[in-house]
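Visitor: A single structure is presented below for examination.
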Amino acid sequence: ALWQFRSMIKCTIPGSDPLLDFNNYGCYCGLGGSGTPVDELDRCCETHDNCYRDAKNLDSCKFLVDNPYTNSYSYSCSNTEITCNSKNNACEAFICNCDRNAAICFSKAPYNKEHKNLDTKKYC
């Protein structure tokens, strides 16, 4: 679920404010996405978007009311390390790994302030 993804980012980047820092960044961070990612961090978001799209197509994730944004899973955080719980069902495990991989990707990618609130109509 999206609120868990925010918590995961705070795990890999302590002191960050995921909603303020990463929402509306580049062409893919935030709602929707199009065009070519502007940098490594934006590529993390594109990959995460694609991962959620793939989750919706999984047999184990036949969403009715649930979707990757609201479907919750179980995970733990220890010293910036995220572990998805082995007790998650197949769908929860998939979404947890989407979020885990993106949070790790975010933590390794440089942050370019000029890509925050980018004019997506012009650059994406």
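All residue numbers here begin at 1 and follow the chain in the order shown.
Using N, Cα and C of the backbone, Cβ positions are placed for all residues, glycine too.
Since we're looking at a predicted model, the values are computed, not measured.
Under the heading active site, Swiss-Prot lists His48, Asp99. The feature Ca(2+) binding site is assigned by Swiss-Prot to Tyr28, Gly30, Gly32, Asp49. What Swiss-Prot lists as disulfide bond is Cys11-Cys77, Cys27-Cys124, Cys29-Cys45, Cys44-Cys105, Cys51-Cys98, Cys61-Cys91, Cys84-Cys96.
Show me how these features fit into the structure around them.
Guide: Within 10 Å of the Cβ of His48 (active site) there are 22 other Cβ atoms, across all protein chains. Under the DSSP three-state reduction, His48 (active site) is assigned to helix.
Asp99 (active site) falls within a helical segment according to DSSP. If you draw a 10 Å sphere around the CB of Asp99 (active site), it holds 25 other CB atoms from the protein chains shown.
In the three-state DSSP scheme, Gly32 (Ca(2+) binding site) falls into the coil class. Around Gly32 (Ca(2+) binding site), a 10 Å sphere centred on its CB holds 9 further CB atoms from the protein chains shown.
DSSP assigns Cys77 (disulfide bond) to a strand segment in the three-state reduction. Neighbour count (other Cβ atoms within 10 Å of the Cβ, all protein chains): 15 for Cys77 (disulfide bond).
For Cys27 (disulfide bond), the number of other Cβ atoms no farther than 10 Å from its own Cβ, over all displayed protein chains, is 22.
Around the Cβ of Cys45 (disulfide bond), 23 further Cβ atoms fall within 10 Å across all displayed protein chains.
For the recorded site, Cys105 (disulfide bond), the DSSP three-state label reads helix.
Long-range neighbours of Cys51 (disulfide bond) (same chain, six or more residues apart, CB within less than 8 Å of its CB): Asn97, Cys98, Asn101, Ala102.
Packing around Cys61 (disulfide bond) is summarised by its Cβ count: 20 other Cβ atoms lie within 10 angstroms of its Cβ, all protein chains included.
There are 24 other Cβ atoms within 10 Å of the Cβ belonging to Cys96 (disulfide bond).
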Visitor: Using the alpha carbons only, what distance in Å do you get between Cys45 (disulfide bond) and Gly32 (Ca(2+) binding site) once rounded?
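Guide: Cα to Cα, Cys45 (disulfide bond) and Gly32 (Ca(2+) binding site) are separated by 10 Å.
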Visitor: For a quick check of packing: other C-beta atoms within 10 Å of the C-beta of Cys84 (disulfide bond), how many?
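Guide: 20, counting other Cβ atoms within 10 Å of Cys84 (disulfide bond).
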